[in-house]
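Found this in Swiss-Prot, in case it helps:
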| type | residues | note |
| --- | --- | --- |
| BINDING | 80, 111 | anthranilate 1 binding site |
| BINDING | 80, 83-84, 88, 90-93, 108-116, 120 | 5-phospho-alpha-D-ribose 1-diphosphate binding site |
| BINDING | 92, 230 | Mg(2+) 1 binding site |
| BINDING | 166 | anthranilate 2 binding site |
| BINDING | 229, 230 | Mg(2+) 2 binding site |
């Protein structure tokens, strides 16, 4: 099929088969289509509504092109879709840092901001973490600390083809959905925050197909009526849990875990300097209760899917103990120090 065939199909409101989506994505990533066509395809897909079959087709295209890394299938990824436009600080990033300090291995897949003011790569860089270490250095960092950040452009070089188009479009696209699925470490334990409730079933279908071991797909609402791609501190959090092929669904509230309710404004952030300052204040204990609770809530879920905690309650307890004792701050300083040592030892891997 040529680009006109793909465009006509989308303009008619028809869905792609898995094979058609793989073919279309291959053409996009291999530079067959010009920028204008790619932008039109991405916008029309989003307008039509992406199906689980289309996401699976795109997944198989991108994962075949990825530079994979050998860590551990039990490492947890907290990469979410982003794109909820709630303006929160980088909660999943600090959540993964806290979880790591409790003994959870982390293989966080992430990138610079596309639809937000500050992506996980942006805030880690602002905190002094070099995000673009070569693969062998990332393996060393993980071996010593159990923490790794998998910078998407390094492991998915074909994504450079669409980076500027995504930035110029400034809207959610199928690539937001793919981020949590194409972890180059092939993580089988995941905490996936999604920006809409409709995506929960889509991710369930795709993760079952791709063989996850234990995943929680999370979507939440606030009292203000705002959708979140992370647990809510003042409204319901909807969870689809997948464990060894079995699926169950939960709805939880902050008070179920002894957490106070806080308005959305209490956990909002901004640009990278502001978000990095919030994370530093969480690490040193000077952050607001809301900022700390949001981080602990996410860490608790990461601890649970890792198998390190028996339940979310247990995960919350060990996360709080690690943060309040100073263990999280000490562990993150260790990560930063070794990251700097590796940075001095290895040449830049990606521009």
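Note that Cβ sites are derived from N, Cα and C of the backbone, with glycine treated the same way.
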Counting only residues 6+ apart in the same chain, whose Cβ is under 8 Å from the Cβ of residue 112 (5-phospho-alpha-D-ribose 1-diphosphate binding site)?
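In sequence order, 119, 121, 122 meet the Cβ cut-off.
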I need the CA-to-CA distance for residue 229 (Mg(2+) 2 binding site) versus residue 166 (anthranilate 2 binding site), whole Å please.
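Rounded to a whole number, the Cα-Cα distance is 20 Å.
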According to DSSP, which of helix, strand or coil covers the residue listed as 'anthranilate 2 binding site'?
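Reduced to three states, the DSSP call for the residue listed as 'anthranilate 2 binding site' is helix.
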Do me a favour and check the Cα-Cα span between residue 92 (5-phospho-alpha-D-ribose 1-diphosphate binding site) and residue 230 (Mg(2+) 1 binding site); whole Å is fine.
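Residue 92 (5-phospho-alpha-D-ribose 1-diphosphate binding site) to residue 230 (Mg(2+) 1 binding site), Cα-Cα distance: 8 Å.
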List the Cα distance (Å, whole number) between residue 109 (5-phospho-alpha-D-ribose 1-diphosphate binding site) and residue 80 (anthranilate 1 binding site).
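That comes out at 9 Å between the alpha carbons.
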Once the chains shown are all counted, how many other Cβ atoms turn up within 10 Å of the Cβ of residue 88 (5-phospho-alpha-D-ribose 1-diphosphate binding site)?
22
Three-state secondary structure of residue 229 (Mg(2+) 2 binding site) from DSSP?
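Looking at the DSSP assignment, residue 229 (Mg(2+) 2 binding site) belongs to neither helix nor strand, so coil.
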Round to the nearest Å and give the CA-to-CA distance linking the residue listed as 'anthranilate 2 binding site' with residue 88 (5-phospho-alpha-D-ribose 1-diphosphate binding site).
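The residue listed as 'anthranilate 2 binding site' and residue 88 (5-phospho-alpha-D-ribose 1-diphosphate binding site) have their Cα atoms 21 Å apart.
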Measure from the CA atom of residue 230 (Mg(2+) 1 binding site) to the CA atom of residue 88 (5-phospho-alpha-D-ribose 1-diphosphate binding site) and give the result in Å, rounded to a whole number.
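So the alpha carbons of residue 88 (5-phospho-alpha-D-ribose 1-diphosphate binding site) and residue 230 (Mg(2+) 1 binding site) sit roughly 10 Å from each other.
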At the Cα level, what's the spacing in Å between residue 230 (Mg(2+) 1 binding site) and residue 80 (anthranilate 1 binding site), rounded?
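Taking the Cα atoms only, residue 230 (Mg(2+) 1 binding site) lies 8 Å from residue 80 (anthranilate 1 binding site).
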Please give me the CB contact count at 10 A for residue 111 (anthranilate 1 binding site), counting all chains in the structure.
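Other Cβ atoms found within 10 Å: 22.
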Given a separation of at least six residues and a C-beta threshold under 8 Å, show me what packs close to residue 80 (anthranilate 1 binding site) in the same chain.
92, 179, 180, 191, 192, 193, 194, 218, 229, 230
Could you tell me which of these binding-site residues, 109, 166, has the greatest number of Cβ atoms within 10 Å of its own Cβ?
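For the binding-site residues 109, 166, the Cβ with the most other Cβ atoms within 10 Å is 109.
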